[in-house]
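Heads up: the structure comes next, in structure tokens.
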Amino acid sequence: MRFDVLTLFPELFAPFQAVGVTRRAFESGAIDLKLWQPRDFADNAYRRVDDRPYGGGPGMVMLVEPLERALAAVRDDQAAAGAARTPVLLFSPAGAPLTQRRVEALASEAGAVLVCGRYEGIDQRFIDRHVDEELSLGDFVLSGGELPALALVDAVARLQPGVLNDQTSHQQDSFSDGLLDCPHYSRPEHLGDAAADGVPATLMSGHHAEIARWRRERQLELTARRRPDLIAAARAQGRLTKADERYLQSLPGLGL
């Protein structure tokens, strides 16, 4: 799949492609990441891509025309390569929250054009003309859209075949089934004399059905205590079994 990123700071993406698990996605060609600098499409000697907002106020606004020319270059390059015409995504506080379900949907598509805003934002006319979807990482403000773009590409890349050593790993991630992940343990079995410092006995039992049950119950308990909204969503989507519901009802002080 292919991501085209419109960014004033393409240098932020270079280290990301060379390290970690997702490096395999770029080396194998599972992910093709193309970076487009809007300044290259400015029509002035200073390569200026921003100006003061009409109506006054602080900060600067990214101009429509350099972004439109950059997007046109993306479309020309896609056509020349025989690539699909992908949707335009903008990272914005006004966007819908980026969820694992949306990531999974994107992972099965041809890719996207990612627009990284800066300054006070992007001229609304570019958004109205070209943006297909707005996404947000949460209710907080970043300096630009580059970090959300990196987060999205990372989340999608790790779902591509061959990127993770164990292809079942992502199936046990938090949110993959609508719930938070269960706790994990490794060596040594005991860190101290206290019972709380040991690995839960069920995980050492070798009884696969009991281990699966323990993990499911820990998922349910952790999600119910930390993110009850996810329990409500899973229930509404029919993701909870009768056994899940019985266990949730047995948890003290939650009122689920």
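Backbone N, Cα and C atoms are what each Cβ position is placed from, and that goes for glycine too.
The Cβ neighbour count for Gly138 (S-adenosyl-L-methionine binding site), using a 10 Å radius over every protein chain in view, is 10. Sequence annotations record features per position, and here Swiss-Prot assigns S-adenosyl-L-methionine binding site to Gly117, Leu137, Gly138, Asp139, Phe140, Val141, Leu142 based on sequence analysis.
For the binding-site residues listed here (Leu137, Asp139, Leu142), the lowest count of other CB atoms within 10 A around the CB belongs to Asp139.
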